[in-house]
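Just below is one structure, and these are the notes that go with it.
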Amino acid sequence: MSNLPDALLTGYRNFMNGRYAAETEHYKSLAREGQSPETLVIACCDSRAAPETIFDAGPGELFVLRNVANLVPPYSPDGEFHSTSAALEFAVQALKVKNIVVMGHGRCGGIRAALDPNATPLSPGDFIGKWMSLVGPAAETVSGNDMMTKSERQTALERISIRYSIANLRTFPCVQILEQKGRLEIFGAWFDISAGELWVMDRTTGDFERTGTV
Ligand SMILES: [Zn+2]
């Protein structure tokens, strides 16, 4: 009996024989010199929207922070356990990343739950409801719009929550100061799982535009 699920052990062997074998020197130098990723990606935990896969990133390239629905809470140094804020602080202050990308995605379960509080997984747990209440007011406004279809409401809230998280990023003093000095740039993106489309937020208007692939 193995100590890990077979699929993981098989995947690990493939990794060692494939990518690690091909990039051994790169891994060794990253181990020697430490990491210096230029970009922090804040993404959802969703298994279908892994930033390293979507951006075809190698080891050491992306510092990835994933949570339910890729949300950034407002800056609130209140002595509680803030995993997202801690990772953000580390990326900005210790690693000195140059870019932050908040990347949402289509068919997000967290966003779906926020739009329908009676649906799982929002109802039973101790934490998801509280976490998703970050976008509660926006969810309420979008839910009340009968002119939109259910999927339009879902996409709308996915994109609104990206803009909301970006606004919250700027409540962190370290982010605000570095952005003002021109040493940090903030971006928004939205990934559509079914078609593989990446939509990038226009930083002036907040609109999302599909990015080309050639
Ligand atoms: Zn999601």
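Using N, Cα and C of the backbone, Cβ positions are placed for all residues, glycine too.
Annotation comment: TrEMBL describes CYS44, ASP46, HIS105, CYS108 as Zn(2+) binding site.
For the Zn(2+) site, the Cβ centre of CYS44, ASP46, HIS105, CYS108 serves as reference, and the other residues of the chain with Cβ at most 8 Å from it are ALA43, CYS45, ARG48, ALA49, ALA69, ASN70, GLY104, GLY106, ARG107, GLY109, GLY110, ILE111, GLU158, PHE191, ILE193. For HIS105 (Zn(2+) binding site), the same-chain residues that are 6 or more apart in sequence and have a Cβ closer than 8 Å to its Cβ are ALA43, CYS44, ASP46, ARG48, ALA49, ASN70, GLU158, TRP190, PHE191, ASP192, ILE193. When secondary structure is read from DSSP and collapsed to three states, ASP46 (Zn(2+) binding site) falls in the coil class. Around CYS108 (Zn(2+) binding site), the same-chain residues six or more apart in sequence whose CB sits under 8 Å from its CB are CYS44, ASP46, ALA69, GLN154, GLU158, listed in sequence order. Classification of HIS105 (Zn(2+) binding site) by DSSP places it within a strand.
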